[in-house]
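Right, one structure below, let's go through it.
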């Protein structure tokens, strides 16, 4: 019997950190703060990139897509977590669990594909500067972004169906703070070895393949930067890539540690804490990294503030 037949009107218990109740209030404060900062930071990037003509470039088009992903990422998890952290009954509806599972998978896979697209944009900008506007034309940017979203959501449909069709035989307690595939597989009352193998290979594909493309792009970028004669030119070229490199390190480093490292005595807590980082902390840090380390964004934000201020006067 499938989950759908068993739980259409049912609810699940998300244990989260119930075994460590002293953590719940500090986590509530941290998650609420992260949520507010993430919403504000990513909306600022989207707004500034849209309103400032100087930021109508492929780099900021892809950055806007990343900000949309981060907004959706944190919104599909944090509100439910905040409610459960302040509730005695830590419940989520079956429909809410399905939506959370689907969106978490879709947005994670989309970001995995979008990050190498962004590195390709930097590769063309630094290694083929004279042909940049010809190669990275508007239509190609739209196509690359669309492919990222289609691949991400297509992967989510497949993995969600594979997970939700498993029988769970009345099990409804999820030892996690969100509806994620590894935690949901533990509820099944049949052998899930094949599902775990599929999840592992999908994780390898969506993490190691894009990461390999990113490293290859930056190998060519590093070689091109070293050929620049002036120190100022090298610094400027590296500055356009440093923010993206930090974001890549945060995202892939934490994701690989939860999905690809072998089990350990602490793997249970690791599987809880690492998704917290790349699903909550990373979306908060991304806009900070891109704004604090990017002079163009800071200047655009100042121009926007000045324009708003002058319009009121």
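Every residue gets a Cβ built from N, Cα and C, even glycine.
Just so you know, TrEMBL annotations are computer predictions that nobody has curated.
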Worksheet item: What range among 273-292, 293-312 does TrEMBL record as transmembrane segment?
Response: 273-292
Response to the item:
transmembrane segment per TrEMBL, picked from 173-199, 200-226, is residues 200-226
